[in-house]
């Protein structure tokens with residue numbers, strides 16, 4: 001039976017999670033497990049493999065080079081990060097279809113909160129009223145997906161003004177807090193998890209919920 005671990009990890013340093021993610025693939029291959037991590041990051045700018053930015057800091061916020069696709073973005077407290085470490089070969093999911101599923105996980109989640117959102121062809125992510133509310137960046141390694149998506153919930157959007165988010169100088173960012181008056185974070189997590197199971201067809205998987213992580 002296919003297995004998936006949902007890990008609710010709270011606020012984490014990006015560099016630590018990035019390191020664990022790289023090492024985790026070997027563990028997953030040995031145990032035939034899929035992982036979905038829900039967390040937040042301390043303030044950090046991350047570069048995709050399409051960027052050539054050479055500074056180590058922007059206004060005292062660290063800049064970290066990564067191996068994911070896409071351009072520079074910002075992560076900080078109040079932004080829901082969801083990492084997908086999935087055996088896409090076993091699941092028979094192509095990268096284009098995975099992006100489609102991730103977009104629809106967020107679109108469906110936002111719909112629960114009466115927020116109308118949509119995707120744009122050739123511009124991965126989710127948008128509300130021509131502003132971006134969710135960014136997506138992935139990498140495929142040894143048949144597994146790495147990285148995932150970032151959903152702006154209730155955060156400081158100002159650092160985005162120092163960069164061209166996702167490589168587009170015309171993109172404006174938005175967040176759930178600016179669209180509805182009350183955000184129930186427990187319901188948000190529940191909707192995200194339920195939609196992950198739905199769109200990634202995991203309802204018949206063996207599912208575990210964990211709140212810690214280690215390399216085994």
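Glycine residues also receive a Cβ, built from the backbone N, Cα and C atoms like all the rest.
Here the structure is a predicted model, which means the values were calculated and not measured.
According to Swiss-Prot, the protein carries these features:
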- 30-204: domain 'BPL/LPL catalytic' (DOMAIN)
- 68, 69, 70, 71, 72, 73, 74, 75, 135, 136, 137, 148, 149, 150: substrate binding site (BINDING)
- 132: site 'Lowers pKa of active site Cys' (SITE)
- 166: active site, acyl-thioester intermediate (ACT_SITE)
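In this structure the alpha carbons, written CA, of residue 135 (substrate binding site) and the residue listed as 'active site, acyl-thioester intermediate' are 8 Å apart. Comparing the recorded positions 68, 132 by how many other C-beta atoms lie within 10 angstroms of each C-beta, the top residue is 132. For the pair residue 132 (site 'Lowers pKa of active site Cys') and residue 68 (substrate binding site), the C-alpha distance works out to 19 angstrom.
Of all Cα pairs drawn from 68, 69, 70, 71, 72, 73, 74, 75, 135, 136, 137, 148, 149, 150, which the record names as binding substrate, the longest spans 16 Å. Under the DSSP three-state reduction, residue 166 (active site, acyl-thioester intermediate) is assigned to helix. Closest in space to the residue listed as 'active site, acyl-thioester intermediate', of the binding-site residues given as 68, 70, 137, 149, is 70, taking the CA atom of each residue. A mean pLDDT of 93 is what the model gives for the domain 'BPL/LPL catalytic' (30-204). Counted within 10 Å of its Cβ, the other Cβ atoms near residue 70 (substrate binding site) come to 23, all protein chains included.
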